[in-house]
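Student: Not my notes, these are from Swiss-Prot:
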- 23-188: domain 'FAD-binding PCMH-type' (DOMAIN)
- 167: active site (ACT_SITE)
- 217: active site, proton donor (ACT_SITE)
- 287: active site (ACT_SITE)
């Protein structure tokens, strides 16, 4: 127990595999769940004072945590999940579930968020990655974000300063952490919005292996190609290392089928990259983030 952080939900030596979508990941020295910005600021101030590393995991959906875990503080925003509407502007805290946020927009007949109706993860992670699907992406509706800088300062970043690109934002370089974000939506028809979300979710269920733990889409889309198609053409569907395999349903996904480890994921990713490059000449670039220490 860290006495200076009394009252904050902090768990010591906590296995992160219980919190990741892949169901892999070693322990965090300290796993913290702040309830508000004040608690978050206290954690960061303490970590900086003690020269302890800290990072925010978000929803840990498009992420692999290595088997040795993470030193210092890991901060999860599960309890920072409020969503507010002000006219056609939706503001969500970083820990708000992305799928649930799209449902709130639908309930109020606001359009613009439909593309994200089946994307797992949090608002903070979606902004960080400029998450997208089916022709839409976060940058299309993003207004601004409040962020926490590595030094512990809170500031606001505009859409222009975020410099969005394909699965990219400026904060991937700066180390700033989203704590809330605002999005510009438009008035729409509830039934039309609902039908579009149902259509997109049906497509996702048909094409993606949602029944298994996974990190979502593993690779970025290479220019002029589709990663899944290249992997399939290299005869890698179903290829397995340890407990992790290339999905038979969608080759762009790697699923944890038998108590796989982060090392299994990393080894399979490396094997797929090498095999696809040898087969097609295209070098795939991972979309998934890999963090932490090896065993």
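Glycine is treated like the rest: Cβ placed from N, Cα and C.
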Student: Between residue 287 (active site) and the residue listed as 'active site, proton donor', what C-alpha distance do you get in Å?
Tutor: 7
Student: Taking the domain 'FAD-binding PCMH-type' (23-188) alone, what is its mean pLDDT?
Tutor: 95
Student: By a simple count, how many Cβ atoms lie within 10 Å of the Cβ of residue 287 (active site), its own Cβ left out?
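Tutor: Around the Cβ of residue 287 (active site), 18 other Cβ atoms lie within 10 Å.
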Student: Between the Cα atoms of residue 167 (active site) and the residue listed as 'active site, proton donor', what distance do you get, rounded to the nearest Å?
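Tutor: Just about 11 Å between their Cα atoms.
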Student: Which chain-mates of the residue listed as 'active site, proton donor' that are at least 6 residues away have a CB under 8 A from its CB, listed by sequence?
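Tutor: Spatial neighbours, sequence-distant, of the residue listed as 'active site, proton donor': 62, 227, 252, 253, 287, 288.
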Student: What is the total of other Cβ atoms whose distance to the Cβ of residue 167 (active site) is within 10 Å?
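Tutor: Cβ-Cβ neighbours of residue 167 (active site) within 10 Å number 18.
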Student: Which of the three DSSP states, helix, strand or coil, fits residue 217 (active site, proton donor)?
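Tutor: Residue 217 (active site, proton donor) sits in a strand per DSSP.
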